[in-house]
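**Q** Could you have a look at this structure, given as structure tokens, before my questions?
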Amino acid sequence: MEHLDLHHIFELGFFVVMIAAGITAIAKKCRQPYPIALVIVGTIIGLVHIPLFEPLKEFITEGEVFNFVIITLFLPALLGEAALKLPFSHLRENKRPVLALFGGTLISFLIVGFSSMWLMHLAIPAAFVFAALMSATDPVSVLSIFKSVGAPKKLSIVVEGESLFNDGLAVVLFNISAFYLMTYLDLGIQGAGLGLWEFVKVISLGLIIGGVLGYVFSQLTKYFDDYPLEIIFSIILFYSSFLLAEMAGASGVIAVVVAALIFGNYGAKIGMSPTTKLNINNFWDVAALLANSLVFLMVGLEITRIDLTDKWGLAIMAIVIVLIARSAAVYISLAFIKKFPVTWKHTINWGGLKGSLSIALVLSLPRDFPGREDILVFAFSVVLFSLVVQGLTIKPLLERLGVNQKEEGNQEYEELLAKGHRLETAIKEVQQVKHNLLIHEAVSSELTDQYKKEVSQLHQQTNKLFETYPELKNKQQTILKKHSLYAQYQAIENLSREDIISNEVAELEQARIIDEIVRLQNDH
């Protein structure tokens, strides 16, 4: 790595971005979860010797580079983006399952830890470090699949809420297990007290730092109505809360989540115009897509470093232990939550994918840590199984469980829409053929009248359907309003470009249009 200069590093980084963007674009076009596609392609690139890619592979799979990029560069952005757009009201409405699953993370940690000791014969620190690594979940793939199949919004919120908080808990458990656990065990009862104090201190301090910074930056937004500047505020907030918490010995993950939740809810309420909020969200959408694309490609490349020689049996055992622990954690923690569908429990259980955070944490272990190589093999094996096998089977599972049921009346509406579009196309084609081939009016009008009669009948059926399911009509009206607002925005842009109206008037009118678009999105 010493021979690489900054220019070469930039070239390699840009090359990675191009590859990741290309794979992501293809996956999205094919309506497949892009994280899984990136991991698979990254793994293939890592396994196949391609001279063009060798410097790239060497650069990315260097432990310090991977760890820095994932934890310091991308993790604050990904956590901040997710928490920023999570309405606190939604989190409050679903607090019981989210908190229950937070407790379930501890159940999973204990089961994996003790099972790794007894069944895989790992030393105590190694066993519980591995358990902490397996406590973190990565919901990106699952949430993208949820969106594509129309899964209930509440289920998505629970999955995202669980991930935001158990990632923080996983990092805390990892640090305690890796650096303090043996000391606490040697001290006996006193050590248990110290361990509990460290656990509470790290989480509490993270909450305080994130809360204070989130409040301060929210207050700042009251004094500015300048979305580029407020986007910069959000960048500073996410990274400063993470870095400051880490410097103070607190949980940087929890600090970022709390800061972003406050900024995205309280800050948006007291100091952000709808235009500012929309632009901040759009900026972080782009940042998160870029970060996720690079992260999953890097994970795929990194996974190829593992050496499974003579460890296949233990690797499979590790996967089974983690799956059993996840099942126990989900079903035990959610057992007392009333009116929580069992199909949702199955989905949350199988959708608890492991990802980049687990890989980054295990690579951060000191090279002389006892059992480090074994932990690497087991962690990488579970992550690969999780992203590929669970990731590719979650969609069929949703369909089999019926979690992806569409809105009532939607199927009937789509059938009417398809028939109507078919008939409208037929009418246009008849007119075109009549014009080109000089077919007599009497012949064409008879067929056209027949089609128009059928279209009229479809309109009547659609109106009846709208009366039965008014939410379908509301949805169509929302789509129509949104497109009309986009057209209005472009019309103002054209007037400004032709110097028919001043830039000041154009900006004022466009801001009003954006406000209407934001209100429309918030209402639906």
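Each Cβ is built from the backbone N, Cα and C atoms, and glycine gets one as well.
According to Swiss-Prot, the protein carries these features:
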TRANSMEM  6-26  transmembrane segment
TRANSMEM  33-53  transmembrane segment
TRANSMEM  59-79  transmembrane segment
TRANSMEM  98-118  transmembrane segment
TRANSMEM  126-146  transmembrane segment
TRANSMEM  169-189  transmembrane segment
TRANSMEM  193-213  transmembrane segment
TRANSMEM  242-262  transmembrane segment
TRANSMEM  283-303  transmembrane segment
TRANSMEM  312-332  transmembrane segment
TRANSMEM  374-394  transmembrane segment
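Situate these features within the shown structure.
**A** Long-range contacts of the transmembrane segment (6-26) within the same chain, counting only residues at least 6 positions beyond its ends with a Cβ under 8 Å from a Cβ of the stretch, are 34, 37-38, 41, 45, 55-56, 59-60, 289-290, 293-294, 296-298.
The list of residues near the transmembrane segment (33-53) in space but at least 6 beyond its ends in sequence, with Cβ under 8 angstroms from a Cβ of it, reads 19-20, 23-24, 26-27, 61, 138, 140-141, 144-145, 148, 292-293, 296-305, 355, 384, 387-388, 391-392, 395.
Note on the transmembrane segment (98-118): residues 91, 124, 126-128, 130-132, 134-135, 158, 161-162, 165-166, 169-170, 173, 177, 318, 321-322, 324-326, 328-330, 332-334, 336-337, 348, 378 of its chain, located 6 or more positions outside it, place their CB under 8 angstroms from a CB of the stretch.
Within the chain, the transmembrane segment (242-262) has long-range Cβ neighbours (under 8 A, six or more residues past its boundaries) at 72, 75-76, 79-84, 86, 88, 91, 164-165, 167-168, 171-172, 201-203, 205-211, 213-215, 217-218.
Within the chain carrying the transmembrane segment (283-303), a Cβ under 8 angstroms from the stretch's Cβ atoms is held by residues 16-17, 19-21, 23-24, 34-36, 38-46, 57, 60-61, 66, 69-70, 73-74, 77-78, 80-82, 84-85, 140, 231, 234, 355-356, 359, 363, 380, 383-384, 387, all 6 or more beyond its ends.
Beyond the transmembrane segment (312-332), the same-chain residues lying 6 or more positions past its ends with a Cβ under 8 Å from any Cβ of the stretch are 101, 104-105, 107-108, 111-112, 115-116, 119-120, 130, 134, 345, 348-349, 352, 354, 374, 377-378, 381-382, 385.
A Cβ distance under 8 Å defines the sequence-distant neighbours of the transmembrane segment (374-394), meaning residues of its chain 6+ beyond its ends; these are 33, 35-36, 39-40, 43, 116, 120, 122, 126, 129-130, 133-134, 138, 141-142, 145, 296, 299, 302-303, 305-308, 311, 314-316, 318-319, 322, 347, 350-355, 358-359, 362-363, 365.
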